[in-house]
Amino acid sequence: MKAYVAVDIGASSGRLMLGQLEDGKLKLQEMHRFKNGFEFKNNHDRWNIDYLIDEIFKGLEKIKESGYTEVSLGIDTWAVDYVLVGKDGKKLQDPISYRDKRTSNSINELTTEVSKEYIYKKTGIQFLNFNTLYQLFEEDKELLKKTDKIMMIPDYIGYILTGKAVTEITNASTTQMLSLREGLFDKNLLEKVNVSSDQFAKLVDAGTVLGNLKEDWYSKYELPKVNVVTVATHDTASAVIGTPCEGQHWAYLSSGTWSLIGTELNIPENGAKVFKENYTNEWGAYGTYRFLKNIMGLWMAQCVKKELNDQYSFSELAELAGEVEPFEQFINVNDQRFQNPGNMIQEIQTYCRETGQKVPETPGEIMMAIYSNLALFYANEISKLDDIMGYHIDTLNIVGGGSNVALMNQLTSTIANVDVYAGPSEATAIGNILVQMITAGDVLNVYLGRRIISNSFDIKHYTPEQGKYSKVLAEYQQFLNKERG
């Protein structure tokens, strides 16, 4: 029985998941888990990329110890961040995190040189101040001159493992430098940030085989034979592949540190209406586009948990929230002030004071403020999707860690008036593995793969509670409009 390993690294944790097809069902087991996070070093918030690679090898050693002698392996991580690699093939610095404050005003600065309309028409990508385009705009110019290759995080990890450099297209699209239809980097945008297309390795599709690990690794670690496949390396792209896609007019919500809500298209949408709403057209696997909005996710809850000294689990925090009435205050969860505050609890409380609302004090009140306002924001985005697509989204497929938060899922279903199918929580790893299986010929296509997912995992169904909170979405929309002036 073939074994497939997903290296799935998010902003707060990473894992190695092993998947196998057994009697038409995908069996998934976690082989290794580790923490992730940035640290302030050399004047910036940076990722410890060497630590992440070391943890991958620890996981592979565990897999070998478990009796697996040969595996396929794919790597996905968060998007937009990159590693600068010199001519000697070594990194020039530890990669800077997208949450670093260096790009806080970069959109305004860069768009004095090139218009927003040009950028959006060319790339179709949502304006976010941490996109790779703006990070490179703020990058050390002398360091860029020494750079031979600019590698996205998962591409760099694949390069270290195999010695082969590529630029996988689903992640490349998140840079806001990739041409929407040609699938090539836009030279005008590259020039504005002092880089050239030669500084990126060859663009490849998901499902490209990189091959075996470098021999040096086998002398250093006790490893199985590993065949590396370039999957949909942006974790959201993998998560969408791993979404069951229940319903006729469906949308997805990849609910983790970030919330990514949208639908899957065969033809991108980058007209005036979607430009105004700041939607993105990220490339998906197999010729699709992920039409979505990138908004705040469980990052707020993760920060609160940490600030409470981890004395509560997420399930315990959800229980405490369930004892509190929802919608006691309205919060624009996408406000930039919540992106990387010194203290999330204090930031939420200050926001409520400044807007003249009830201030949440207890852990339960704070968590309910987060969950209920995330649900409101999701419902608001679904109403925008309805308008853009010209039909009512009737089903929302929630995957990722947030699919386990029943309270938030039920509120979302009721407020948005949609059926919610929650799960699987490990959709990213599943989508990663599914691309490997398609590449190997074990699964014919994504459609059949999604049917396997539906039959393999527990998917919870939530339906709207009729008559509850019927006016709250309109009130929240009025609040957002007033706040934005």
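Note: Cβ is positioned from N, Cα and C throughout, glycine not excepted.
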Which one of Asn294, Asn309, Asn332, Asn334 goes with Ala79, His234, Asp235, Thr236 at the substrate site, as Swiss-Prot has it?
Asn294
Based on Swiss-Prot, name the residue from Thr257, Thr355, Thr362 that is recorded for the same ATP site as Ala11, Ser12, Ser13, Gly14, Arg15, Gln302, Gly401.
Thr257
Lowest local Cβ density (other Cβ within 10 Å) among binding-site residues: Arg15, His234:
Arg15
Measuring CB to CB from Thr257 (ATP binding site), give everything in the same chain under 8 Å that is also at least six residues away in sequence.
Gly10, Ala11, Ser12, Trp78, Gly297, Leu298, Trp299, Gln302
For the binding-site residues Ser12, Thr236, Gln302, which one has its C-beta crowded by the most other C-beta atoms within 10 angstroms?
Thr236
Hey, how far is Ala79 (substrate binding site) from Gly401 (ATP binding site), Cα to Cα, in Å?
18
For the binding-site residues Ser13, Asn294, which Cβ has the most other Cβ atoms within 10 Å, all shown protein chains included?
Asn294
